[in-house]
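Lifted from TrEMBL, the feature list:
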- 42-63: transmembrane segment (TRANSMEM)
- 69-90: transmembrane segment (TRANSMEM)
- 69-342: domain 'Fatty acid desaturase' (DOMAIN)
- 111-128: transmembrane segment (TRANSMEM)
- 184-208: transmembrane segment (TRANSMEM)
- 229-257: transmembrane segment (TRANSMEM)
Amino acid sequence: DEKEKIPEAGWIKVNDWHHKHRDAVTKFVGREKISELAQPDWVPLAVAAAVQGLGVVTAILYGRHVLPFWSMFPVAYVIGAWTFISRFNVLHDLCHASIQFRPWRKTLMRIFDLPSIGTMNYLYYTYFHREHHHHLGNGHLEGFFDSERDFDGDVLFNGIIMLVRRDTPFEEPGLPPFIFSKNLVVNAVVTTAVLSMLIALEPVLDLVNIFRGKYRQMNNRPRKFHEDMLLQCFISTASLATLWACSSWRAVFFLYLGQVLGKCTFHPAHAFWSSTHGTPEDEQGSSCQPTRSSYFGLPFDVLMFNLNYHTEHHDFPEIPSSRLKELHDLAKPLYINKNVKYVDSISTVLATIENLPIYGCQGKPTRVTSEMKKAA
């Protein structure tokens, strides 16, 4: 495997921690119970269908001027963001084949990605997420777009984080220092503004992809990849156009606003986004714990559809999100103790945002040079 031949590239078997913890939890709970929890479940699909149906109906009500425009922001903050998180979670479960109707998994992923602003979630969960469970944001940045193989999508996330930290893996200098500020308010405003622009560009890029006949800069990927992604671009664009035609631009704007708010620093869900795989610089290496769960009680569990039980998920990715809380309760002494890191306070979340930790125990990403490849 090329990954194992280039140790300088930052490939670290960080999931060694999860393998050991999985063995301990399995011994504590029992193999039969783990097998029972890992049975495919239909609940995530039913919940996602209900929540996303609520989101679409709300969008149409705004599109047809039934609901006043001034109320869109608070409603999008709650229902719109929840709809986005629901979509994110059900695609995640479908990716791991942990829910029922496995033969129709790909079709269900197409359906539950709609209506979405852009196709990035579909791209990530169809082609990149499974590698995330092997390497968690390794530093192999070269060839991410052009390789014929599927890479860990977190490579890109990690590279962006390092650029913001000014620990750039590229030859170019890092981003201007004002992009990442120690002032939490400034940082939140700037990152939300950048996020807003990136999400707004998504449908535009999808249209460009359709006219180009290829998906983004990933030119060297197999033809089957481009055909699949272009079909999703077309379906996504058509769904947004239909929603606009049946109501108005306000319906699409509501979905856009919910997608932005669901990931922005000002939303409670950011306690999950910011802390899940962040690790301090002094805790890098193969013994580092690459994942943290977020425990803020039942309301947060409902908001995140149990995705916040993320250490549990990485221990047992085959268990559906609907049963992660049960797994946690059964093995609570192994998840809540001084040797396992987790997030259960706002101060920890704020410290994570302020310090912008290294992603997933991987250290600073390394640019893989042609000399390193030849040496390998």
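Including glycine, each Cβ sits where the backbone N, Cα and C put it.
The transmembrane segment (69-90) makes no contact with the transmembrane segment (184-208), as judged by fewer than three Cβ pairs under 8 Å among residues 6 or more apart in sequence.
Residues 55-56, 58-60, 62-65, 69, 72-73, 75-76, 80, 83, 110, 113-119, 122-123, 199-200, 203, 206-207, 209-210, 213-215 of the same chain lie 6+ residues outside the transmembrane segment (229-257) yet bring a C-beta within less than 8 angstroms of a C-beta in it.
Note on the transmembrane segment (42-63): residues 69, 72, 75, 79-80, 82-84, 86-87, 89-90, 93, 98-101, 108, 112, 115, 243-244, 246-255, 258, 305, 320-322 of its chain, located 6 or more positions outside it, place their CB under 8 angstroms from a CB of the stretch. Per-residue pLDDT, averaged over the domain 'Fatty acid desaturase' (69-342), rounds to 80.
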